[in-house]
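Per TrEMBL, these features apply:
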DOMAIN    9-159  domain 'Phosphotyrosine protein phosphatase I'
ACT_SITE  15  active site, nucleophile
ACT_SITE  21  active site
REGION    52-75  region 'Disordered'
ACT_SITE  131  active site, proton donor
């Protein structure tokens, strides 16, 4: 994150391997911030180290591309305890990721910074962003999660900006 303003909000999206859901969420969030003309640091990571250094899943990249986004330059990395110091908000894609991240941070950091993505899309009714990797129809699953990200990312941006304005 060298060269990026430290005064702008920072959000980290986290899934299991950092090749399916979180890279697509990162791409959508970057587009939302660009459209709003807001400087925002966006990154993604995985709770596991299965795919460190790999590009996002080609099916996810194809979904992003269909919607005018380019996620091809992203590379998977593993979430660390330091991420709670570096980011204003850490957003887990599902309850398992949330539980893993919760073990990395202090109770205060968890309360202040850790959320599940679906908490921003309560009208959807699901508790977790579905994992495209295990879907019966991955292409349809990537489109489904893309639509969830389109709903939730503007709400996340609003929360980040409101918390910056009040501090």
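Note that Cβ sites are derived from N, Cα and C of the backbone, with glycine treated the same way.
Nobody curates TrEMBL annotations by hand; they come from automatic prediction.
When the active-site residues 15, 21, 131 are scored by other C-beta atoms within 10 Å, 21 scores highest.
Note: the CA-CA distance between residue 21 (active site) and residue 15 (active site, nucleophile) rounds to 6 Å. Under DSSP, the residues of the region 'Disordered' (52-75) split into helix, strand and coil as follows: 9 helix, 0 strand, 15 coil. Put simply, the residue listed as 'active site, proton donor' is 8 Å from the residue listed as 'active site, nucleophile' when counted between their Cα atoms. Model confidence over the domain 'Phosphotyrosine protein phosphatase I' (9-159) is summarised by a mean pLDDT of 97.
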